[in-house]
Structures are given as C-alpha cells and as structure tokens.
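One structure below.
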Amino acid sequence: GAADGVKDEL
Amino acid sequence: MNLFRLAGDMTHLVSVVVLLLKIHTIKSCAGVSLKTQELYALVFAARYLDLFVHFVSLYNTVMKLVFLASSFTIVWYMRRHKIVRRTYDKEHDTFRHHFIVLPCLVLGLLLNEKFTFREVMWAFSIYLEAVAILPQLVLLQRTRNIDNLTAQYVFFLGAYRVLYIFNWIYRYFTEPHFVHWISWIAGIVQTLLYGDFFYYYILSWKNNVKLELPA
C-alpha cells in the first residue's frame, strides 16, 4: 500500500 | 528507474550546476533569492534524514548528498562569501519566507503517510518544496535585468518538476502499488507555480528577447 511504499524518489 | 525520473533528476542537477556556475565563476548571485535557497536547504535537510538509516541505492545516496551539499554551499556563498554576498539583491528579496515554514510543518503534522518523526519531516519537506520557489519568482518579477543563467536555473528547476509528473504517471501504470498522494498533489501545485514563468520564458526565447516578467 501507499504507507509502506519505499520512498525512492529525491 | 524510468526515463522521465532520470531526466527529471538530471534537469534538477543541471539547475544546481547552472546556479553554482553563476555564483562560483561569475562571483555573482544577482537575481537569486536567498530566501528560496534557504528553504531548499531546509527541504533537503528534512527529507534526507533517512540518508544513513535507509539505503535505497548508491545513485540515491549520491544524489541526496549532492543536493544537500549544493544547497548549503549556495546559502554559504550568498551569506558569507565576501564578493558574492555584495551582489545579493536584498532590497527586492523581501518574501517573508519564515511564515511559510510553520504552515508547512503544521500540514506535515496533520497530513502524512504515518505519524512518525521521519514521515512527518518527509511530508513537511514535500509541502515546503512545493512553495519554496515563490520568493525566487517574486524576485524575478522585481528584477529589471534577469540574466540568462538565472532564467535558465529557474527553467531547469521547473522542467524537473514537469518531468517528475510524467514519471508518476508512468509509475502509476507500471507499478500498481506505487501511490504517494502527498507528493503527487504537492508536486502538481509546485509545477503550476511555474506556469507563468514558463509562458514568458518560452515567449522571450521564441522572440529572442531578454526575459522580463510582468509585475
């Protein structure tokens, strides 16, 4: 889901 | 990583290089808003708190370090460098940037993906980045002679935001679980702020005249 999506953007 | 994302990161990098080039080689920061630069330094400091906790990739780590170092370097140049700081147009860079930090922090506390310190700081940095360009746009409106490097800096920065939107559209269709509403909505707001600038930038480029923004 959204909440556990890895934040791989800068 | 898709092509839009890579192109977005590269235009972001180019914008920073253009700005550093102007400051370091010409020793001038005329037309550059210190307020915007300080906000960016804060944006990166808040967002990249996970730098040593959460490893994504070497690319990610290097880029984060570059954006952190460059933003603080630019602020240092504008505040401390004995030649550069004299070229700073303080009289026209009057946007009350402190007053947008608190609302963004409150918004980060209220609207986040998870109520943890890092997630709140992440959301805060996203909201702050969305409006961080405002002092720069206001300063451009008040600048009679916008030099090419300053205009190109803002252009590349705006291009980076546009490319990120294409990147999200691409990811939405290729990675079904990839949904970050906060960054999408804030990102769209941020991109819209460049609309006016883009219009006049393209117009000046087409007519081969110096860029000037109507007040």
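Glycine too: its Cβ is placed from the backbone N, Cα and C atoms.
TrEMBL annotations: computationally assigned, not manually curated.
Taken from TrEMBL as is:
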- B:55-78: transmembrane segment (TRANSMEM)
- B:99-115: transmembrane segment (TRANSMEM)
- B:121-140: transmembrane segment (TRANSMEM)
- B:152-170: transmembrane segment (TRANSMEM)
- B:182-202: transmembrane segment (TRANSMEM)
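For the transmembrane segment (B:182-202), same-chain residues at least 6 beyond its ends with a Cβ under 8 Å from one of its own Cβ atoms are 111-113, 123, 126-127, 129-131, 133-134, 137, 140, 151, 154-155, 157-158, 161-162, 164-165, 168, 211-214.
Long-range contacts of the transmembrane segment (B:55-78) within the same chain: residues 1, 9, 12-13, 16, 19-20, 23-24, 29, 32, 34, 37-38, 40-41, 43-45, 48, 84-85, 88, each at least 6 residues beyond the stretch ends and with a Cβ under 8 Å from a Cβ of the stretch. Long-range neighbours of the transmembrane segment (B:152-170) within the same chain, counting only residues 6 or more positions beyond its ends whose Cβ lies under 8 Å from a Cβ of the stretch, are 2, 4-5, 7-9, 11-12, 14-15, 18-19, 22, 32, 133, 136-137, 140, 180, 183-184, 187-188, 190-191, 194, 197-198, 201. Taking Cβ pairs closer than 8 Å, the transmembrane segment (B:99-115) reaches residues 39, 42, 121-128, 131, 134, 180, 182 in its own chain, all 6 or more past its ends.
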